[in-house]
Amino acid sequence: MRIAVGLGKEGGEERLERQGISRRDFMKFCTAVAVAMGMGPAFATDVAAALTGRRPSVVYLHAAECTGCSEALLRTYQPFIDTLILDTISLDYHETIMAAAGEAAEEALQAAVNGPDGFICLVEGAIPTGMDNKYGYIAGHTMYDICKNILPKAKAVVSIGTCACYGGIQAAKPNPTAAKGINDCYADLGVKAINVPGCPPNPLNMVGTLVAFLKGQKIELDEVGRPVMFFGQSVHDLCERRKHFDAGEFAPSFNSEEARKGWCLYDVGCKGPETYNNCPKVLFNETNWPVAAGHPCIGCSEPNFWDDMTPFYQN
């Protein structure tokens, strides 16, 4: 995988042509992003303009997490992440996929953070604050200090995944590392991260948030810091099984005849009525989403869901 570094001088059309990406495929992707943003397919050209402009420097930091959010982002489609997104943005630091290691990686991070044109910072993972922040180290520095030194310098900060947004499973009771989300840790430093939660979040929500920033669009947030364009409706209201809920038709168990008929999964634990996300609308990999596949929503985009939504298979 080739990762572009630095602000590119070539135009967007040239980059697409060099990567062998047809305009048709590119516009199909832009249409999907526009729809996910609630703008409608007519705004695909605006998304395309944002993605083919001058490449912004992006720094992607990891804290206490499982890397599932990165795995989800790497599986964005039409075109795939390695042929479009990493060449549209200049991903200057990402520990999981960058070729550099050790001192070379640290030098790349400092070069991006101190560059003349600024950078956007994405953060995946919760911040361990227990035992004087010593539960998590990278390159001899605590995760807390790394983010403390970098986030206030960023043009924008986006928390990727529920761990970075609200603490996630790291913050589940009894929370032995005193893990916290980004805004809980650094609000006193003036950091106000945009939260894109999920375990993992849909890649279109991640990309759409970046597109909105690149377009200079004002991003309306809900009371827990999520973009309303992606998290403004409940899973319940968007769900294709909603009509069965309204009709009082509930599957009594998994793999029951009623479940196979598409009846509502509320009685087997679905948390869709309490969860705000666009999973039924955008799907994952254009293929499916958990409830359509027969599994109840577990509320993974909500704060404290590991504690508040369990047991997952009861309501």
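Using the three backbone atoms N, Cα and C, a Cβ is placed for every residue, glycine included.
Annotation source Swiss-Prot lists signal peptide at 1-49, citing experimental evidence. Feature annotation from Swiss-Prot assigns [4Fe-4S] cluster 1 binding site to C66, C69, C163, C199; the stated evidence is similarity to another entry. Annotation source Swiss-Prot lists [4Fe-4S] cluster 2 binding site at H236, C239, C264, C270, citing similarity to another entry. Positions annotated as [3Fe-4S] cluster binding site by Swiss-Prot: C279, C297, C300.
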Other CB atoms within 10 A, centred on C300 ([3Fe-4S] cluster binding site): 23
Distance, C69 ([4Fe-4S] cluster 1 binding site) to C239 ([4Fe-4S] cluster 2 binding site) (CA atoms, angstrom): 23
Cα within 10 Å of H236 ([4Fe-4S] cluster 2 binding site) - qualifying binding-site residues among C66, C163, C199, C297, C300: C297
Local Cβ density at C66 ([4Fe-4S] cluster 1 binding site) - other Cβ atoms counted within 10 Å: 16
Environment of H236, C239, C264, C270, the listed [4Fe-4S] cluster 2 site - residues of the same chain whose CB lies within 8 A of the CB centroid: V235, R241, R242, F245, L265, Y266, G272, P273, V291, P296, C297
Cβ contacts of C297 ([3Fe-4S] cluster binding site) (under 8 Å, same chain, 6 or more positions away): V235, L265, C270, K271, G272, T275, C279, P290, V291
DSSP three-state assignment for C270 ([4Fe-4S] cluster 2 binding site): coil
